[in-house]
Amino acid sequence: MAHRNSDNPNVQIRNRSESTSHLADQGTGFFQWGRDLGGTDSNHKFTEHEKDLLAQYQSADYLPPYSCAYKEWLRQQPARLDWDKWLMMGIIGFVVGITGFLMHQTIGVIADLKWDRAYEYVKERNFGMAWVWLALIGIGFAIISSLLVVLFHLPAGGSGMPELIGFLNGTLIRNVFGIKTAVIKFLSCVCAVGSGLPVGPEGPMIHLGALIGGGLSQAKSSILNCILPIFGRFRNPEDERNFISAGAGAGVSAAFGAPVGGLLFTMEEVSSFWSLKHGWMTFFCCMTSTFTTDLFNSAFQGFRYTGDFGAFKSRKYILFEVKKEISLNILAFIPSLIIGMIGGLLGALFTFLNLKIARSRRRLVGRFKSTWVKNLIRVSEVTLIMTLTATMSILLPGGFGCTPYQCQNVNTTANVYQGPLCRRGDQYKIHTENEVVGYTCPVGITKNVSSQVYFTNQTYNQGYWAWMDPGAFALVGAASFFGGVSRLTMALAVIMMEITNDIQFLLLVMVAILSAKVLGDYITHPLYHALLEMKCIPFLDNELSLHDEHHNILNLEFYTAGDVMTKKPKCVYERESVAKLARLLQETKHGGFPVIRKDAVSGRDVFVGMMSRDELEVLLAVGDSVFEDQFGNNAHEIGILRYNMIPYINRSVTSIQMSFSLRRTYILFRTMGMRHLPIVDEVNRVVGILTRKDLMGFSIEEHIHGDDYGHDHMRTPTGKRSGDLELNEFHRRA
């Protein structure tokens, strides 16, 4: 299998995608179904340029290659019965928690610096100076945030969620996991959020957690040019991805103060491979992260020690605490269902507009060849957005009238309620949080009245209709919109409960989230999955759905692996000549090669395992230690040199026959986290091979339907077209 990239594939991908990104959408309509519009049961339609970008990515196996060399490496590793994995999970959780604490405190310092002075100007009715101050401070930090990314490390921009999901799904994405990415992302995120840009730290915090998980567990850095002599047994694909996914969950926990939500988020959205044992470890990591963040936040405010170290006050670690519960009513499910549908519709609209703006921005930047012009455009757009944000922050509060305010002190034994009762107008009670600042409105008047007035004014949401509370349904609406964008269900419901401490409205929140997901799935893909498609990162979803030209669902059980495989892959023998291997690596870009040998009885070439391109390149670099001449002797004698690859062959590669069900092929490939899946005939001869790009929805549709998409959609394997040079070229990669 091959990938169309150079020795440093991601550099080429980045440069090419930036310089030719304006070509990606050529020939597509604004509302074309299958592009930015299209439900989850439809496959994304890639342009030819996007297919070329897809082909440049390599993929990786979830499990390390099982060879004699691997078993020898395992024998050298100490047996610790997994206590070191639990230790590493605790270390990752602690470091992620400290990172979350530092981020929240730093953002708070910048926000206080900006808003305290601005509020003083507003109280003096000096709105001009308030705008100047907000604009200068906001634009300054926003420019710093932008310059850190565009000048030092572009992959550190954005949330990093699509790249994280793609990597854990099995796609190699370099330059987004490293200490440089972590430092730039932290500093940029702090400046961006503190400046007042309409962004939050949650997405970057998840990515930072994943970076910390990967960095600490591997204990090495190419930038620092060091490899620590500890945790060496974690340097394999399986452990690396497990620690990265646990770090992502710890990032959610530190950002929201929701350890169970972090665990469920990792399981539902981030990880493609899951086990019960890994779930226990991730839960421990998330718990440690939340505990660490809350512990330090309990005693510090703006890096100033306030005492009460270890006192977990509710207003400190519950972001949106609900202090007074409201009785639930069966009628509340009706507006919750409607709110959920509205949230799903708005979430799908948000996703659609987000993709359109991102594509337009990418086309605009891609039209310029000069790097400094591109960087100037990126910084200028941040400056413009920050200027608009500062302007609206000053003008919008003053553009609306002040709500009449009075606080009635009721002292009566005839009612359960005792204490101040604050009302707005003559409709219903309203509680104003202490953090809410009335910038342009004067302080209200407090009055003492009798209990008769108290009962007279309680006519809107008391008694049977008490459930009609605007604050409670604001919570339902927030959950529905979040669900409409992300399509999360379990994780989102738990996170909403953990950040509000309100279990009373859990059922309403669940109804809203499910209705938002169902409606949103009919219109667009989830936001992060749509961004994966826009960035042309190969991704295998949980389920595969195919349709014919009449939009009828096709049953994949009627198709086989032979229908979509790449035929006649390049194979190598267990002992292969140096000249042939060198020519093979030079003339092809295949990412892996099936290994065969002559059967002693039948004389056929039978399948025995796989060798990746990287492994062959390493063997070439090693030299004569693996050379043999044509007589099997050491390579110091003159002869036809060849490699003895037997100790390095991956002999645990799964292979299937051509007649294997396509649906089960997809499940097997994704569940096992494969890079290659060789196809053999009844006598174990290699007749084809599959990679993750072969099993992407659009690729399967091309194989099944052919170029004339929609015609002959139920074509049998014997009627399938062959010899398509363009498809064969596209699918020979890894």
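Heads up, the Cβ atoms here are built off N, Cα and C, so glycines get one too.
Owing to the predicted nature of the structure, the values given are computational and were not obtained by experimental measurement.
These features come from TrEMBL:
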{"type": "COMPBIAS", "residues": "7-23", "note": "compositional bias 'Polar residues'"}
{"type": "DOMAIN", "residues": "565-626", "note": "domain 'CBS'"}
{"type": "DOMAIN", "residues": "645-708", "note": "domain 'CBS'"}
{"type": "REGION", "residues": "1-23", "note": "region 'Disordered'"}
{"type": "TRANSMEM", "residues": "86-111", "note": "transmembrane segment"}
{"type": "TRANSMEM", "residues": "131-156", "note": "transmembrane segment"}
{"type": "TRANSMEM", "residues": "243-265", "note": "transmembrane segment"}
{"type": "TRANSMEM", "residues": "330-355", "note": "transmembrane segment"}
{"type": "TRANSMEM", "residues": "376-396", "note": "transmembrane segment"}
{"type": "TRANSMEM", "residues": "472-493", "note": "transmembrane segment"}
{"type": "TRANSMEM", "residues": "505-528", "note": "transmembrane segment"}
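According to DSSP, the domain 'CBS' (565-626) comprises 23 helix, 23 strand, 16 coil.
Taken as a whole, the domain 'CBS' (645-708) shows an average pLDDT of 89 in this prediction. In terms of DSSP secondary structure, the domain 'CBS' (645-708) contains 23 helix, 13 strand, 28 coil. Within the same chain, residues 36-41, 44, 161-162, 165, 269, 326, 328, 332-333, 336-337, 339-341, 343-345, 347-348, 350-352, 354, 472, 475-477, 479-481, 483-489, 492-493, 496-497 sit at least 6 positions outside the transmembrane segment (505-528) and bring their C-beta atoms closer than 8 Å to a C-beta of that stretch. As a quick check, the transmembrane segment (131-156) and the transmembrane segment (472-493) miss the bar of 3 or more Cβ pairs under 8 A, pairs 6 or more apart, so the two do not touch. Contact between the transmembrane segment (472-493) and the transmembrane segment (86-111) is not supported, since fewer than 3 Cβ pairs fall under 8 Å when only residues 6 or more apart in sequence are counted. Same-chain residues lying 6+ beyond the ends of the transmembrane segment (330-355) with a Cβ under 8 Å from its Cβ atoms: 36-37, 467-468, 473, 476-477, 479-486, 507-509, 511-520, 523-527, 530-531, 534.
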